[in-house]
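Please read the structure below before turning to the comments.
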Amino acid sequence: MSSKMCWFFSFFVCLMLSVSLSTSSKFDELFQPSWAFDHFLHDGDLLKLKLDNSSGAGFVSESKYMFGRVSIQLKLVEGDSAGTVTAFYMSSVGPNHNEFDFEFLGNTTGEPYSVQTNVYVNGIGNREQRLNLWFDPTKDFHSYSIFWNQRQVVFLVDETPIRVHTNMEHRGIPYPKDQPMGVYSSIWNADDWATQGGRVKTDWSHAPFIATYKSFEINACECPISVAAMDNTKRCSSNEDRNI
């Protein structure tokens, strides 16, 4: 193992040890549907979002948070999912919003699923990165997590970091650290760009397309609406070591 990889492994072990333990929660303890209520399916502890040619669906957290870790376990759309996108992300609101995205891009049968990550700061994105997942995410549940503090944003798949966005304010580069974020997920039709740059369109004969969720976790500093943003920043920053 190279010295660079050893350093990163040590860094990540320390990062994970700094995350306080949390337990899984049911969907309705943390989230609420945000659109297309009739496209939600409940099967015991499983939540399913449905996409058909009439609508997709989405949900949002009851609260907003600053700094911490959010996770879901997700099984993606099986079979020919070309044109579809399933997203899991954090976002603030407004034209100058901050946002951290997982976007899972559907594929034609037999092709690998791609995951696209992106980071918006003050309303500006254009930081997309893509990689092909090293497993079939349609056959079983896998965990997807976003870890955020004042130093970095880390995207994790099954506890493996796939991207680290580092605070480089000392070089004059803005960093997302002053806006509480909601936690969101959704499934929708994006066949104008999602699969092979939009060359492969959604085949509605395969609908409905189903994304299945379980094990919702939020371990982060909650930001009440009644508290000013500046005060939330101070409070969550001072409690950062305890909350993440």
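Note: Cβ is positioned from N, Cα and C throughout, glycine not excepted.
Features as listed in TrEMBL:
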ACT_SITE  Glu99  active site, nucleophile
ACT_SITE  Glu103  active site, proton donor
DOMAIN    19-213  domain 'GH16'
CARBOHYD  Asn107  N-linked glycosylation site
SIGNAL    1-22  signal peptide
Residue among the recorded positions Glu99, Glu103, Asn107 whose Cβ has the most other Cβ atoms within 10 Å: Asn107
Between Asn107 (N-linked glycosylation site) and Glu99 (active site, nucleophile), the C-alpha gap once rounded to whole angstrom: 25
